[in-house]
Amino acid sequence: MASFREVEYMDAPRGHRRRRRRRRQRWGRVAALLLIVVLGLAAYKLTDGFSSFSLPVSVPLDNTDTEFDYDLDALSAQITDDMFIGECGDEEAEKLRELAADNSEWRDELEFMAANIGIYREEAVVTAINGVEKTPFALLSAFRAPDDSGLRAGIEISEGEVPYLLQYDSRWCFHAYGSSVMGFTACGPACLSMAAIGLTGNTLYTPAYVADMSEAGGHYVMDAGTAWSLFTAGAAELGLRSETIVVDKNTMKDRLEAGAVLIAAMSPGDFTTSGHFIVIVGTVLGGGFKVYDPNSIERSGRTWSFDRLAGQITQLWSLTYSGTPSDIQQPAAGETYIADCEEFITLRSAPDVNASAITTIPKGGEMTLLGFEGAFAEVEYQGQRGYVLSTYIVPKGDSAYPTAAWGYGDVVSGLQRLAEEYPGQLELSSIGTSVEGRELPAAVVGEAGAEYEVLIQGGIHGREYVGAYLTLCQLEQLLEHGVPEDVRYHFIPVSNPDGLEISHTGTLGQAQREIYLSELAAGLTDLTEAEYARQWKSNAAGVDLNRNFDAGWVQIEDGGVPSSEGCRGAAPEDQPESRALAEYTRQLMPDATVSYHSSGSLVYAEYALAPQEVNAASRSLAEALGEAPGYPLEDTEELDAGGYKDWAVSALGIPSVTVELGYGDDPQRLAACAVIRVRNVAAPYVIADWLRSAAAG
């Protein structure tokens, strides 16, 4: 029988019954909401304010390889008495046995390590205990010596993809890094490698490549590990712009949405017991962050809340692409070069012509490029590492350098060709004429009214044709790959056309022949007339144009006699070429100037008579330009007076540098143009990035 309440309810008027039904439904919803709140509060408490709440995320493993080839019986047979180092003992062995009992997949390997604990370093045991999936690497660490593996590891990505890479990847885990191998110590290089490949698209920037770059650049501190400078100065070497940012949730999300990649230095906590680096690659639904940990697939497969990460981040860098197109040919480790010489070149133990010889490389011999250092290239030839003069090697298959003597006509025809191939993009004009009436061509690219103006000039010395050649290469690259929107470039490929023609043809005119005969009679030269002409630096009047500017000009002691080189002239800018270049510079007042000379493979920046702040800016620009080609900064203010660069910094206050190309006597070998181009063709983009960084303070 129905209860009294049920009867009362059923007998109630229809409108009253509806109200009661709605009332019961409301109470049901309230109860459900209360239950959700209670469960939420419980979850909040259990997850430390949701900071440890984590949803799984997918981790792309296409570019990881953790397969190792080994046989435990064969390894056991390789153990010798001298392998016992005694860092670990019974306590560590017991931990490995306990781990083995719970991990059937790696049980045999862990028990092997426990049984032979005396041959293992503590870092190997800790690696296995803290991440059992790394056991094969830890196991083999006692049997593998540090090597140079992984420089040419194949990494494949789609456009804009940041690859997930492991420091203990079998392709490079035993690559030497610091006092150990990458599998133990290279979380920093692995992180920068992920960022660099993702941002530039250059898959040659493998973790092994970055590790070598890190050591060469002084970014590894022995017994301390990777220095933070790897993510600033080191990142710049890879064409990245680095900025230290605050650990703020909105700032991090904004940077990631804008296409940046974040690298974080982590303190002890979820990721490390000492110090570690991770990559933050994006955000996920719910407000968390996606992390790539080079030392843990498991940690990379979780969502991380801001609160959980923030308390462990000690430094945070935002990395973006600096603007140098990735398809511009730039020096990259792993590329094949060939010896371009008469008979052979010498592989030396150090970047010094007096260093001991390791072996010789015959003409046409192939070698692997490891990097550049000054006038030298570090290479590997038939398993031996050493240094060769870079002017005697060319990229394999590269035929884009001059095959015949290069002169003024080549400059003019080259500019005309570019104007025809890129109509409306290149402005050609003349800034003046030479002593013999030749035009001084100017080529301008970029939007009028751009934020920055840059002047790049070459060929101020007759025999230094490579400066003119390089400026045309740079101009063509800008036209082909795109001019930065905020920069307008002014190229003066050859500011000494008469001198270039004298050297190019090896022929002296009447005025130059009189100079030659005078010096020959005075015993100042013993060259033949043709040799003398080939080495001509001055303009047709016998004045060295790079000593004809008003920068300490009065202090130059040259005897006042015209010559093939060194004569300052009768007064500053008394030559039509120097006067035209100076006037163009004064009217333009560019934000920076770069002058190309040869030879030396180095960069000059400072000048004793320039303001301190201008010298500092010039030095900063020089360091930026020298990084990619490996050109050192010549640290001196006591240079020859009267130079264009010295005048620009002291008289106009414009940050300016001089880059010396090539090595040895001028004119440079034609084949040397290939390496000179590869090492310097991206310089205009480097200048643009430097200008932006300088403006940002």
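Yeah, the Cβs are placed from backbone N, Cα and C, and that goes for glycine too.
TrEMBL annotations: computationally assigned, not manually curated.
Residues or ranges marked as active site, proton donor/acceptor by TrEMBL: Glu660. Per TrEMBL, the feature domain 'SH3b' maps to 333-397. According to TrEMBL, the domain 'Peptidase M14' annotation covers 404-685.
Counted with DSSP, the domain 'SH3b' (333-397) comes out as 3 helix, 38 strand, 24 coil.
For the domain 'Peptidase M14' (404-685), the mean pLDDT of the prediction comes to 93. Taking Cβ-Cβ distances under 8 Å and a sequence gap of 6 or more within the same chain, the neighbours of the residue listed as 'active site, proton donor/acceptor' are His597, Ser598, Ser599, Gly600, Ser601, Leu602, Val603, Tyr604, Tyr631.
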